[in-house]
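Here is what Swiss-Prot says about this protein:
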BINDING   E19, K60, S123, S124, G125, K126, T127, T128  ATP binding site
REGION    437-500  region 'Disordered'
COMPBIAS  437-478  compositional bias 'Basic and acidic residues'
COMPBIAS  479-494  compositional bias 'Acidic residues'
Amino acid sequence: MAEQQTTELTNIDLEAGSEWRFELEADENIALRTLSSDPVFINSQELTPSAWYPIYRHTKSALYAPTSARIQVTNLPASHYTSTSTVQPQLLNLHLAMERQRILSKRGMEQRGPRVMIMGPQSSGKTTVMKNLVNLALGTGMGWTPGAIGLDPSSPPNLIPGSLSISTPSHPIPTHHLAHPLGSPPASTAANTISGDVETASWWLGALEPTNKNAEVWRVLVEHMAEAWGMRCEKDKIANISGLFLDTPAAFTVPTLGTKKDDPKARYTLVSHAIQAFDIDTIIVIGHEKLHIDLSRLPLVQSRQLNVIRIPKSGGAVDLDDHDRETAHIFQVRTYFYGEPPLPPQISSLVGKMVSLDFELSPYSFQIPWSRLVVLRVGEENSAPSSALPLGSSKILSPLRLTRVDPSGPGHVVRLLNRVLALVDVKPEDRIVPAKESEVKEEVKEEKNEKDGEIKQDGEGEKKGEGKGEGEGEGEGKDGEEEGEAEGEDDEEEVPFREEIGTREVMGFIVITAIDTFARKYTVLSPTPGRLPTTVAIAGAIEWVDSA
């Protein structure tokens, strides 16, 4: 018989202006609540009095008490302490200056609200600073909806690693676990948290950081994001007044990142590009004195008279290692497909009100033929090497060039198994190669199968909703396979779409969990049942194995 876990309650008294910091391990889950009438904040979100606030394993955060307060915690973590050294006063001063700009903009005395870029080295707490500033703006009661721009693909604010995003939260963002630092995106089930439906638009880099190899792809993605935000501000006056906060990758601290061969002396080119794209007026540098000086001397910064402000790194910022980051990435991808984890028994059984969380999701696994799902890669680095060209010739390729992935190739070359794919919307005008007769026949067959309402799921036989329809079916037989083989290598190398689709806003994500080379089919995990919204996907370097 399994031992019943007991819950130990501990009261902690906090001095005015102090923080209670904690670092949860893999087997630690806690819940906390405030017992005093004075407010207590977690990342500038006020805790609801007397309500239990669950926090999941691996989370590292802090509670801040502006006045003396008492909190109650279940099962104290192994690593926790109180500190009177806090950066909250500096963050509050920044917030007040930005709030003044918003109010002046609302009165017509300013063109728009603050547009802030946050920079710093790895593990400096950039996302936490951004979350605090967003929550401070949302907690004013003025109805602001600031934009949260996630340009750090290694620490995505809403979705999965490798993605860039724009979200517009309208309520304070909670801190429950690692997956949604800036709120969860809309799911297929009704959300029961006040911040459960944060409007989110996403773009796919497919890598954990910008590099000199993917710099051109990065520039185009940032331009598309800035264009989308500009369109939002034109239609939504409140969004324009509220301003935006832009989280950046740690790679932005490297001066030579993105430097082009024709201008080798240029420095911080991707930083300057983002400043121009989003029309940034304030740069916050966390702890890095040299970076603060370098940015202050940039010609673009001086010509635009931007405010470059340096704030100290919080003493509670934890230096994460590669294992910590990998754990966070796995948790983020799993949460995208399965939803938030259930409450541990020792927390869900607590007496009293509980801050509610989202429901778990039920992803669907199904098969889809290779010929039906077009998998592409973006970037010149995915093309054939120059050594493969005829003697004396050289290649001139677009940095946004699309390369079609041949799933029948060697595994170490194809690299599709357990890869996360981003689904992109393709319009008729995007096609540059006419659809073959076999593809048209297969689409007709798919529609027919979907009408029959049959679906094949892992371990569950056939169910309604997904449809054998993603192009599978016994009717293909050997003739279909022979036809695919007869078409030869040209079909696999041929990219029938314009390269612009590779940097387009994505519709969602799927994972290839198995590849059947005999049946020439993928097994795909999708977050929702039914037909895929598109059969064109962009592959990157992000992998995830569903081991739970």
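Numbering starts at 1 and runs along the chain as displayed.
Yeah, the Cβs are placed from backbone N, Cα and C, and that goes for glycine too.
These figures come from a predicted structure and were not determined experimentally.
Annotated features taken from Swiss-Prot, shown on the structure.
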residue	record	Cβ contacts under 8 Å, 6 or more apart
E19	ATP binding site	A62, L63, Y64, A65, T82, S83, T84, S85, T86, Q88, G316
K60	ATP binding site	F22, E23, L24, V318
S123	ATP binding site	A317, V318, D319, L320
S124	ATP binding site	A250, I286, G287, H288, K313, A317
G125	ATP binding site	I286, K313, S314, G316, A317
K126	ATP binding site	I118, M119, G120, D152, S155, D247, T248, A250, I286
T127	ATP binding site	D152, S155, P157, P181, L182, D247
T128	ATP binding site	N43, S61, P181, S314, A317
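According to DSSP, E19 (ATP binding site) sits within a strand segment. According to DSSP, S124 (ATP binding site) is assigned to coil rather than to any helix or strand. With E19, K60, S123, S124, G125, K126, T127, T128 listed as the residues that bind ATP, the site has a largest C-alpha separation of 19 Å.
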